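Here's what TrEMBL has on this protein:
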type	residues	note
BINDING	Asp42, Leu43, Thr44, Arg69, Gln85, Asp89, Arg238, Tyr242, Tyr243	L-histidine binding site
DOMAIN	62-328	domain 'Aminoacyl-transfer RNA synthetases class-II family profile'
Amino acid sequence: SHLVTSPLIPPQETLMGKYGEDTKLIYELQDQGGELLALRYDLTVPFARYLAMNKVNNMKRYHVAKVYRRDNPATTRGRYREFYQCDFDIAGQFNPMIPDAECLKIVHEILSDLQLGDFVIKVNDRRILNGVFAVCGVPESKFITACSTVDKLDKVPWEEVRSEMVGEKGLSPEAADRIGEYVQLHGGLDLIERLLQDPKLSQNKLAKEGLGDMKLLFEYLTLFGITGKISFDLSLARGLDYYTGVIFEAVLLQQENEHVEELVGVGSVAGGGRYDGLVGMFDPKGRKVPCVGVSIGIERIFSILEQRLKASGEKLRTTETQVLVATPQKHLLAARLKLISELWDAGIKAEMLYKKDPKLLKQLQYCEDTGIPLAAIVGEQELADGVVKLRDVSTREEVRM
C-alpha cells in the first residue's frame, strides 16, 4: 500500500503524459540526490499504479488523502495548492454502465446528504466528444486540445470558446461552427435518442458506442431515481487525458439568497469518469483493468459550508468533549486529575483546564465557548460528601450525584 500512500513519485515515468494540458500544474521537486520527483496530482494515477504493481484485477475502494497542484490558489473559492480529495473507484471487468451508474448514485447521495443546496451532475462520454470532433472535421491530432477548449464552456460564452478554437488551436471556422451546434446541447434520454438518429453522428462508430452506453446509463439512473439532477451535457469535456468513456462533473447551482453571493465561484465539487487504459500504462505486460471512479473535492465543500455558517451566524461545535471537570476553589488540582482519569477510563470524553487554580467562571466560560454541554464540579464540600455536582451548561441546572 506504500504505492498508494506515498505522495512522492518520479514524474517522468509516472505522472507525465497522463493529464494533458494540466501537466503544467504538477508540483515537481528535486531531492538531495538530484533525483526528479513530483507530488501526486490526484489519487487516480497512484491507484492505477497500485493495481498494476500488485496485479489486482478487481477492487472497490475509497481513499481520502492530500493531493498537490502547482496552481494559483484562490482560497475564497476553495482552490489550494495542497488539498484533500475523497476518491471512490470501482475496478474490474463488469457489464457496461452498472458500476458507472453506482458512482453517479454515490455523488448524488453525498451532495444530497450534505445539504449543499441545488446541484446538477453533468454527464458526457469521451467517445461522443471524439465522434463530434471527427464528424465536424477536426483532425485527430487536435482532439485533446479541442477538448480542453470545449471544457471552458461552463465559464465563458460560446463566442470566446469559438475564437480560441480558431485563433489559438488552429481549427477552421467551419469546423468550429459545426462543433458549436453540438456542444451547446444538453438534456436527457430524449436528447440521446435524437443524437442516435443524427445522420452524421450515427455514422461514427465511437459516437454510436458512446451514445448506446449513455442510453443504458440513463436507464439505470432512472431505476436509481436520480435523473432529476442529471444532465447529459455535450460541452462537458474534463481536461484530463486518461478518460476513455463516461465523464461526469457535479456543479453547485447558484443560491438565490443575497447573503451568499460569495458562493457563485465555487463551481465543480466532484468529478470523475471511466479510465480503462490507465492501469495498462503501468503494467509491464500492458494488462488492462477497466476502472471508473469519482473524486469529491472535500476542501471545496468545506469552504462552502464555512461561508454558509458565517452568513447564518450559527456557531459550530468543534469539539466532541462531553464534560469539563471543574473545581470552584484553590488547591483542588488533585481532585480534578483523579476524576478526569476515572471518566477517561470509562470512555467518557472529558477535558479540564491545564491550570492549577482556574476560576470557576473561567471554566464555565470555556464550556460556553467550545460548546461542551456538561461541567462536573468537585469542590471541598462535594469531596467531603463524596459527590460530584453535574451542571448543565446551557440551562444552568445542577444535580448532585
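Start at 1 and count along the chain as shown; that gives each residue its number.
Glycine is no exception: its Cβ is also placed from the backbone N, Cα and C atoms.
Locations of recorded TrEMBL features on the structure.
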| residue | record | contacts (Cβ under 8 Å, 6+ apart) |
| --- | --- | --- |
| Asp42 | L-histidine binding site | Val67, Gln85, Asp87, Ser295 |
| Thr44 | L-histidine binding site | Asp87, Asp89, Tyr242, Tyr275, Leu278, Gly293, Ser295 |
| Arg238 | L-histidine binding site | Asp151, Ile247, Glu249, Gly271, Gly273 |
| Tyr243 | L-histidine binding site | Arg126, Gly273, Arg274, Tyr275 |
Inset, instruction - Please work out the number of neighbouring Cβ atoms within 10 Å of the Cβ of Gln85 (L-histidine binding site), leaving out its own Cβ. - result: 20
